[in-house]
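Here is the structure we will look at, set down as structure tokens.
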Amino acid sequence: MDLRGTRITVHDMTLRDGMHPKRHLMTLEQMKTIAQGLDQAGIPLIEVTHGDGLGGSSVNYGFPAHTDEEYLGAVIPLMKQAKVSALLLPGIGTVDHLKMAHELGVNTIRVATHCTEADVSEQHIRYARKLGMDTVGFLMMAHMNSPEGLVQQAKLMESYGANCIYVTDSAGHLLPDTVKARIGAVRAALKPETELGFHGHHNLAMGVANSIAAIEAGATRIDAAAAGLGAGAGNTPMEVLIAVCDLMGIETGVDVFKIQDVAEDLVVPIMDFPIRIDRDALTLGYAGVYGSFLLFAKRAEKKYGVPAREILVEMGRRGMVGGQEDMIEDTAITLAKAKQAQGVAA
């Protein structure tokens, strides 16, 4: 398909999804420096919150270095052209968090639910629309629902007032054909004026290919992160996506070289470990497991002596979804006891 002249909005995840591998401990200075670099490179929309969204600070998800208010309050006044978004998961974030974000100047709110639970987003989507915000319905773990099932969920979010719907590959499990099937079905079912977005992860090295497939099928908002900084093997690497789009004639408004410099000079130096497709991140994609489970599984491996890969495969078998981080330790204990029993029996 010839995509020359197609215009998309790239949405940066470095300062939100990138909080997962940083254990939510980015400093205000790191946030500000990276956000300014992204702004200068031409990124139009930048997400800033705890990795698990507004209100994510907790024992279950991890305590950040600063509050959402502090991060948003530091970044928003510095932006010259970029708008700032925030993620909100009903059950973690509340309407009060949403109100706070709006008062601080957040432009876009993305209300995220599991891909079969759009009904829990109604209150938050309706309130965001009442505030006049750019309101996005964000259907996570999209591989766990059929194209037809996603259509029904997307239409619910649209009926609540969402002006954009995202098909979200939280596990990095989808392939270009399965992305096209889902995006194409949802695009055909929504109102023409409702935008469609895609959020990819790079666990099977498909982030860029899947994003291009999504654009071919009608998505106009695409998520990515500088140097791929994000959960699992990271998000779609922004600098690669921008280069590929430029070669294909897809218009992003982002400077090809400036975004490379942000990735190389600002983001890579703050990584606590390389964002790459190691065997555990690959297992996330292969088994269809929620991306932010990775570090929890690695910690459980050290504590219980059960390989992270085995924990992740079992989590996939059980069909665990985002928000069930507490079950990772339980799964590790169960597997450790089973190994111990096998050892005794032997």
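Think of each number as a place in line: the chain as shown, counted from 1.
Glycine too: its Cβ is placed from the backbone N, Cα and C atoms.
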Q) What does Swiss-Prot list, out of D17, D39, D52, as binding the same Mn(2+) as H199, H201? A) D17
(Q) Suppose a student reads Swiss-Prot and sees R16, D17, H199, Y290 listed for substrate. Which of S170, S211 should they find annotated at that same site? (A) S170
Q: Give me the non-local Cβ neighbours of H201 (Mn(2+) binding site): same chain, 6+ apart in sequence, Cβ-Cβ under 8 Å, ordered along the sequence.
A: D169, S170, A171, G172, G207, G230, A231, G232, A233, G234, N235, T236, L284, G285, G291
Q: Check the domain 'Pyruvate carboxyltransferase' (8-260) for me and report the mean pLDDT.
A: 97
Q: Run through the Cβ atoms and count how many others sit within 10 Å of the one on D17 (substrate binding site).
A: 28
Q: List the Cα distance (Å, whole number) between H199 (substrate binding site) and H20 (active site, proton acceptor).
A: 16
Q | Shell list (Mn(2+); ref centroid = CB of D17, H199, H201; cutoff 8 A) | A | M13, T168, D169, S170, G172, G200, D223, A225, G230, A231, N235, T236, G291
Q.
I want to check the contact list for H20 (active site, proton acceptor): same chain, sequence separation of six or more, C-beta distance under 8 angstroms. What comes out?
A. G51, G230, A231, G291, S292, L294, L295
Q. Using DSSP, would you call D17 (substrate binding site) helix, strand or coil?
A. helix
